[in-house]
Amino acid sequence: MADVNDTAFRPGTFLLVGIPGLEKFHLWISLPFFSMYIFALLGNLVLLFTIVREQSLHKPMYLFLSALTVADLLLSTTTVPRMLAIFWFRVRDISFGACLAQVFLVHFIFAAESAILVAMAFDRYVAICNPLRYVTLLTHSVIWRIELAAVVRGVCIILPMVFLLLRLSYCTNRVIPHSYCEHMAVARLACTSIKVNVVYGLTLALLTAGMDVVFIAVSYGLILRAVFQLPSAGARRKAMSTCGSHLCIIFLFYTPAFFSFFTHRFGGHSIPRHVHILLACLYVVVPPMLNPIIYGVNNKQICETVMSMFAHLQSTLSPTAGKAS
């Protein structure tokens, strides 16, 4: 009897459906996801390598960008390979422990990335509104502490979510109507009340991501006020260009995340499930793919560094070509 109860409490495996209602289109859906994942990997790896290698890019803005790049790589790699395994090979089963690990990683990376975006907004605020103190305020040691604080905060607020899932008693239904393990998708399989999970998840979203958005909005309100007071039109354009890239990333990050979060809790009947799950899948691959493009294309220093790196690589791989000419 004890074994039965233990099995009910901790199931051996769950089954991930993929995108419910669109199973017959999984192969076609996988093609753009695979392409976006490859672009995300290549773009973020090139951007990260460029920042690490080039000494002139070891500035606060680029160090925060490198942390964002690492978070993007982890987010897409944590979810997309499993999604492709479902789409291509119908490998739908995932162990209970692996599912909880994926829940932790997905939500932890979101919390850490949200904190990094706040740090990037603060970086732009100091650079534009208080440029004389920029170097003294944002030293390398301060940057490392900010990034460490983002990691510690993510662990502290997401780890209880895993224990809340562990305390639930699960029924015979092991099918998760999703492409990856997400907190509420797993919690809804429980036989017991999930009220604590719902309240904790909602409180977490409002007190962390919600407050992060408020801090970012306040920072950019002050930034815009300072920008419009600049005497030079060229300086205003340069400041707006840099801030515009960051605002694009913020929009790409928070909009689908909040849409998926609130839809999963309050809009389940008004929005078709396959639309919700498809948008949740796009969230883990589209921002990681676009972030390097947005920052790379709009940043002259990064573009020039990448081009010089590729030119140096080409000359290294073909030294005889230069001699022949």
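Cβ atoms here come from the backbone N, Cα and C positions, even for glycine.
Worth saying up front: this structure is predicted, and the values here are computed from it rather than measured.
TrEMBL lists 43-295 with the feature domain 'G-protein coupled receptors family 1 profile'.
Under the heading transmembrane segment, TrEMBL lists 25-49 (among others). Residues 18-19, 65-66, 69-70, 72-73, 76-77, 80-81, 83-84, 86-88, 278, 281, 285-286, 288-289, 291-293, 295-296, 302, 306 of the same chain, all 6+ positions outside the transmembrane segment (25-49), place their C-beta atoms under 8 angstroms from a C-beta of that stretch.
For the transmembrane segment (61-88), the list of distant contacts is 16-18, 26-27, 29-30, 33-34, 37, 40-41, 44-45, 47-48, 51-52, 94, 102, 105-106, 109-110, 112-113, 116-117, 119-120, 123-124, 127, 140, 143, 146-147, 150, 179-180, 242, 249, 281, 284-285, 287-289, 291-292, 295, 302: same-chain residues at least six beyond its ends, Cβ to Cβ under 8 Å. What TrEMBL records for 61-88 (among others) is transmembrane segment.
Residues or ranges marked as transmembrane segment in TrEMBL: 94-122 (among others). Within the chain carrying the transmembrane segment (94-122), a Cβ under 8 angstroms from the stretch's Cβ atoms is held by residues 10-16, 61, 64-65, 67-68, 71-72, 74-75, 78-79, 82, 146-147, 149-151, 153-155, 157-159, 161-162, 165-166, 176, 180-183, 186, 208-209, 212, 215-216, 219-220, 246, 249-250, 253-254, 257, 284, all 6 or more beyond its ends.
Here TrEMBL flags 142-166 (among others) as transmembrane segment. The list of residues near the transmembrane segment (142-166) in space but at least 6 beyond its ends in sequence, with Cβ under 8 angstroms from a Cβ of it, reads 10, 60, 63-64, 67, 100, 103-104, 107-109, 111-112, 115-116, 119, 183, 186-187, 196-197, 200-201, 204, 208.
Look at TrEMBL and you will find 198-223 (among others) tagged as transmembrane segment.
Annotated transmembrane segment per TrEMBL: 244-263 (among others), in sequence order.
The transmembrane segment annotation in TrEMBL covers 275-297 (among others). A Cβ distance under 8 Å defines the sequence-distant neighbours of the transmembrane segment (275-297), meaning residues of its chain 6+ beyond its ends; these are 19-20, 22, 29, 33, 36-37, 39-40, 43-44, 46-47, 65, 68-69, 72-73, 75-76, 78-80, 83, 106, 177-180, 182, 245, 248-249, 252-253, 256-257, 259-260, 263-264, 267-268, 303, 306.
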